[in-house]
Amino acid sequence: MINDTLIIIRFREHLALEVEIVLVLFINMSCSYADGLSPYDDKGVLGIDEVFDSSDSVREKAQKLAEWIKAAEHVVFHTGAGISTSAGIPDFRGPNGVWTLEEKGEKPHFNVSFDDAVPSFAHMAIVELVKQGFVQYVVSQNIDGLHLRSGLDRSFLAELHGNMFIEQCTACKRQFVLKSATTSVGQKFLNRQCSHVKQNSQTCRGKTKDTILDWEHDLPEKDLLMADYHSNAADLSVTLGTTLQIIPSGNLPLLAKKRENGRLVICNLQPTKHNKKADMVIHGFVDEVMRHLLEFLDLKVPDYNPSSDPTKTPETVEWTLKATDVAAAKKMYKEKCPPVKRKKKSVVSSVNSKVTKKEKVPPSDHQTSIVKTENDISENTVPVEALKQE
Ligand SMILES: [Zn+2]
């Protein structure tokens, strides 16, 4: 099925700059959720030329990545739209990305609906890497549900911007897998009853909403916590298919650089805003990089299996992030990241700066409710001319 309905999701920061970004999604014709949402100009840096390492270079870098993964204690993968392009879902800022083409007055090309898309080679490779203990956690900005559909266990995945295949109950807060992509975005009611059955055999009387972020919505708290704990604990961050322009997601991979001997690897065709900070940048297709990586790790990638896809199975599947997983991640974080002793502040500075107030989570003091683009992608990575927005 061809999708051709534009869905525009906007996030706003209410601080000084009133920065807004817009996420544009494509869903089936049957959905009509552009109502009341208007286009917005600031979509970050768009359409920068892609860079391609030679095939030999990609292979050599993948070999080095395999060595680094084997040497690392805690590896976190950060995934963006570029991991799903080979599944037929367009990215946002690539040369043929949704926003890049929109800026030119053109429609993006896509050839599959969310329902019909199939997890890419890279999605399935990640399942195997996690299963074999080479990757400890995955943080995704993607809302396409392909990590879910690949069979990746919820315990290993933070979805920071929501998931088109997940509904959440407003009463018990439990999440459940939908059998087809949601017909709404922006955390609206789906006209569905919660599937949770209580211990007394009574069904929860709550109603469910979609989980896709909209205006002024906070990032999902438990997902953000998990992402933060694991990103802080990581001594190797690997980004796949993201220009790292949206925050806080785009800054989480940098936390590995705070660890002793921590490394950051960026895999993206376009230059990203953090290339200068990376220990290695791989300009190659994510699937190609992962294919080499799995070979060097002597792993075989499983085929996509619909019976492991909770959207395709007859029973209702819960997708709630377990409190025990969050507690375990917090414990792991505290063990790996003991608090740093700081000099006592003077009374005056403490009072004036109001920093004595005990911080709420998350631990690394990230923004929790703000998602925005930053247009400095590139001050060090690409020619200034390439950055000028038309
Ligand atoms: Zn409920």
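Any Cβ shown, glycine's included, is placed from N, Cα and C.
These come from TrEMBL:
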| type | residues | note |
| --- | --- | --- |
| DOMAIN | 55-300 | domain 'Deacetylase sirtuin-type' |
| ACT_SITE | His161 | active site, proton acceptor |
| BINDING | Cys169, Cys172, Cys194, Cys204 | Zn(2+) binding site |
| REGION | 341-390 | region 'Disordered' |
* Asked: Taking the centroid of the Cβ atoms of Cys169, Cys172, Cys194, Cys204 (Zn(2+) site), which other same-chain residues have Cβ within 8 Å of it?
  -> Thr170, Ala171, Lys173, Arg174, Ser195, His196, Arg205, Gly206, Thr208
* Near the Cβ of Cys204 (Zn(2+) binding site), how many other Cβ atoms are there if near means within 10 Å? -> 16
* All-chain count of other Cβ atoms within 10 Å of His161 (active site, proton acceptor) -> 21
* Structure fact -> For Cys194 (Zn(2+) binding site), the nonlocal same-chain Cβ neighbours (under 8 Å, six or more residues apart) come out as Cys169, Ala171, Cys172, Arg174, Phe176, Thr203, Cys204, Arg205, Gly206, Lys207, Thr208
